[in-house]
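Colleague: Dropping the structure in here first, questions after.
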Amino acid sequence: TWQVVAIFMVLAANLSEQQALKQACPSCDASQLCNCSSMSLDFIPLGLTAKITVLNLAHNRIQHIRSQDLQQAVNLRALLLQSNKISSIDEDSFQSLAKLELLDLSNNSLAHLSPQWFGHLFSLQHLHLQGNSYRDLGQSSPFSSLRNLSSLQLGNPWFSVIRQGNFEGIEFLHKLWIDGSNLSQYEQGSLKSIKKINHMIINLRNSNIFSEIVRDLLHSVIWLEVTEIKLPAEKKSLVQNSTQTFRIQKLTFTEAFFTDESISRAIVLLKPITSLKELEGINCVLEGKGRWNTKEIARSGPSFVETITIIKVMIQNFHLFFDLEGMESQINKLKRLTIASSNVFMVPCNLARNFSSLLYLDFHDNLLVNQRLNETICEGSWPSLQTLNLSQNSLKSLEKTAKYTSRLPKLINLDISRNNFGEIPDACKWPEALKYLNLSSTQIPKLTKCIPETLEVLDVSGNNLKEFGLELPSLKELYLTRNQLKTLPGAAPIPNLVALSVRRNKLNSFSKEEYVCDSPLAVRGAQVGAVRLSLMECHRSLVVSLICVLVFLVILLLVAVGYKYHLVWYLRMTWAWLQAKRKPKRAPPKDICYDAFVSYSENDSEWVENTMVRELEQACPPFRLCLHKRDFVPGKWIVDNIIDSIEKSHKTLFVLSEHFVQSEWCKYELDFSHFRLFDENNDAAILVLLEPIQSRAIPKRFCKLRKIMNTKTYLEWPAGEEQQQVFWENLKGALKS
């Protein structure tokens, strides 16, 4: 017996927990993904089971994680607890989560990290701990058991110390993100224990420890991104006496601050790192005029960097910036150069001629004008250049732009979009090898022979073109979006075209003899002029839309007609009649519970409940009355309540008044009792008039009730007390009959 009781208690407890879980987090019900975020929860809900694989509890008010909270959720793959108020976690809270792959505890109030939390998370790949209040990682490594960890995010505005051994146990990371904005102490060698890091981002303001961290990462990290650093003018070499192979390939500075001196030293110190191929600066500030120590830079040997990207760099008094004379020997191996949104207005000719290996040049969103472009692309400059982007500058003359770029013998791709040319000449001189030309959004009104015939790709979108009649035999892709075209270009002048974009034009015709169909499949390859398609095939979306609109209008019309002619009333009457017809016309005497069912308006309730009910139910013998307020079964459908009450009553008493006629409630009671009372031609109905009422005031659809008002005797409530006594005697007599 005790075993049965124990099993019952366990089942009851589980059922109770599941009900608590469903109440606290409805989305958890019968789902592997349990989304309980932003529900103001103060605790982890009870009832979590092994079927749940994703549990989202972010943006709540949880303060503590207990040992038993997650004990049953053994199949969890992702646990999201970010943006709560978690300040304490029991050491074995995550012990059962051996399959967990993602744990997010960011933006909470954890003042320390315990290795015991992560001791059994053998499958964990992603761990987010940033935005808490801990100041260090402890004396040892909290992550020593996380052998499968792939990404780690940690740190906060109070994080100040990194010690040796803090990262022991981690050998490989795809991504490491450290918020070290207030990092003040770094023990040399702390990050060396990680053998390989694909991408590391560190927010660092203390320039004194920048060099120490970089030295530890040269042989492990592939891409290092440093934000908010004020780059120091470091004297000591970054390369230590080591036989290890360099891994670092890309170095990015975001929102950093440079001076002429710090840039000069950085160029010198980075040269020995032979694996470094890419430098990037985004949203940085340069305080200086380009007075770099070019002699020291030249003496330090050649640079191995092949790609430089500079985006949104602010140089105060940029128009006073020096021409970087003396840097010629440092740029001859550069292959890709991007300087965008940085107020570049020219490149000195002597400097441009030394970019001997450059293949890709991007100067978009700058201040280049045609006069300065003449010097920037002078004779002999950029000898190997294949791709040039001059979009969104201040170029005004298309003829001059073409002339200057023709000095680039190997140029294949040219983007001069979003310059305001306005006009286009009849003829232009372009690079002989040019294959791609982007002239979109340049305000050109037409196309002329200025466009080179060698092109394979042409983009003239976003202009004011009204026609396209060029002959371009090599063209494969043509972009004509956002123009004023009324007809498609002819196919004969562009025989090798593969892709054509003509969206957002004013097309109304095209040469049907020159184009073939691609779809539907049944007519693919046939000439457009020879194909006849039905309206549905050509305009399927339009036809479907019209059908939907028509169906909607028909439904709307039916609703309006039904409302006007009381269709709903007739449907309800039919349903009530069908229900009533299924039952016997008279209930057996043993089923009669009341002497009368009283139908009255709520506005007449004071007279009914305080006067009539008291008079009849306190009579000798008393009458049993059925009132909807008092005797209807709660939760039962009103139709069934009315029909059952009428059938269980000997009589039905209607208290008629102007309020009764206007009351929707009374109308429904008449609706559902109409057939039952008057189709049987019996005397079950008693009519009481509280006030004079004309039969025409009764709705026309109650035709038999109107007839009965004209033929049947009814009781009228009198004003005088003597007549009232006679009224009560007559009413009691009618109820007894």
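Every residue, even glycine, has its Cβ placed from backbone N, Cα and C.
Worth saying up front: this structure is predicted, and the values here are computed from it rather than measured.
For reference, TrEMBL lists these features for the protein:
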- C28-C34: disulfide bond (DISULFID)
- C349-C378: disulfide bond (DISULFID)
- C428-C450: disulfide bond (DISULFID)
- 592-735: domain 'TIR' (DOMAIN)
- 1-20: signal peptide (SIGNAL)
- 542-563: transmembrane segment (TRANSMEM)
Colleague: Under 8 Å between C-beta atoms and at least six apart in sequence, can you list the same-chain neighbours of C378 (disulfide bond), or say none if there are none?
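Modeller: Sequence-distant Cβ neighbours: C349, A352, R353, R407.
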Colleague: Rank the disulfide-bonded residues C34, C349, C428 by the number of other Cβ atoms within 10 Å of each Cβ and report the first-ranked residue.
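Modeller: For the disulfide-bonded residues C34, C349, C428, the Cβ with the most other Cβ atoms within 10 Å is C34.
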Colleague: Tell me, roughly as an integer, the mean pLDDT over the domain 'TIR' (592-735).
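Modeller: Computed over the domain 'TIR' (592-735), the mean pLDDT is 77 on the 0 to 100 scale.
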Colleague: Looking only at C-alpha atoms, tell me how far C450 (disulfide bond) is from C28 (disulfide bond), rounded to the nearest Å.
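Modeller: About 66 Å separates the two Cα atoms.
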Colleague: Taking the Cα atoms as reference points, how far is C428 (disulfide bond) from C34 (disulfide bond) in Å?
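Modeller: With distance taken Cα to Cα, C34 (disulfide bond) is 65 Å from C428 (disulfide bond).
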Colleague: Per 10 Å Cβ neighbour count, which of the disulfide-bonded residues C28, C450 ranks highest?
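Modeller: Per the Cβ count, the most surrounded site is C28.
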